[in-house]
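Data first, discussion second: the structure below is written as structure tokens.
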């Protein structure tokens, strides 16, 4: 073969571009970069001990928050208005400006904090299924409450200090705004264009195609599918999709909410098991716009959740979106297929559950040995007395 003849393309060895139809942009995939030597940190960092209840933590039951309000002794989920909100409902209007370079407009809304559980030392994958269902029920309640007025309600969770989360207590935030933010507006425009051209919601068709291909599926059930999307930017990014056409989280049936709780636990357990740490990520739900859009035809929309974890090579080595990614184009090293295979092959039993069982087994074994030694000593004493 001459030097000028093309080598057969292999996505694991050759860089290429992949199109993201949900954002109308391209991602550079450079999987061959994973072969370069790595001399950085790879060891598992020691996990911070988090007390079940910290009297100084403003999210714990019964504690006083920064504004002087005292949390109730909640036993399940608990939501309250953020003490330091990015959006307020009565902010003044900056007024109109015709200057094309210096435009502004009113931004109003409500910001809430929602605690998942009264304990600080648990996360979603370690909660019981019925407890996760209550989280989903509360999400639904907040979206319907705030969405009655506001055109967009954003549920999001920043998990871990690496994602800027300053409080380890399991919680998320819910922001409602009087405007459609950039990312949802882009998703709305792209899904609408796809629907008008193909006559079917983009993500409904995408879920069906991914379920057939299997190569990027991480976990699935009769109602739900979690995949590393073909166009993923972050190393272990996933997209969580219902299998039927669903516009908003409030449209889910009771059975689908139970199935969602189950598949969330399975997915997040695999995340934690990858490097055996509490896996950091930012996640959020996107569904059809609300408020004045409730009366519009939003058939192009499909409910979905994005998970964006930063880790790449180990529990301490993350992907940085800097340089080329900031100034030119999104880029990834590991192919989505490789990432999906790694996650898919991980056990669905949480590593902490396994460790606790092993420690418990060790205790039982130690106790059994102690009893056997005491029995042997008794036998020896008995024989000596008989002699």
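Note: Cβ is positioned from N, Cα and C throughout, glycine not excepted.
Automatic prediction, not curation, is the source of TrEMBL annotations.
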Residues flagged as region 'Disordered' in TrEMBL, choosing from 39-63, 64-88: 39-63
The domain 'Galactose-1-phosphate uridyl transferase N-terminal' (9-181) [mean pLDDT, rounded to integer]: 92
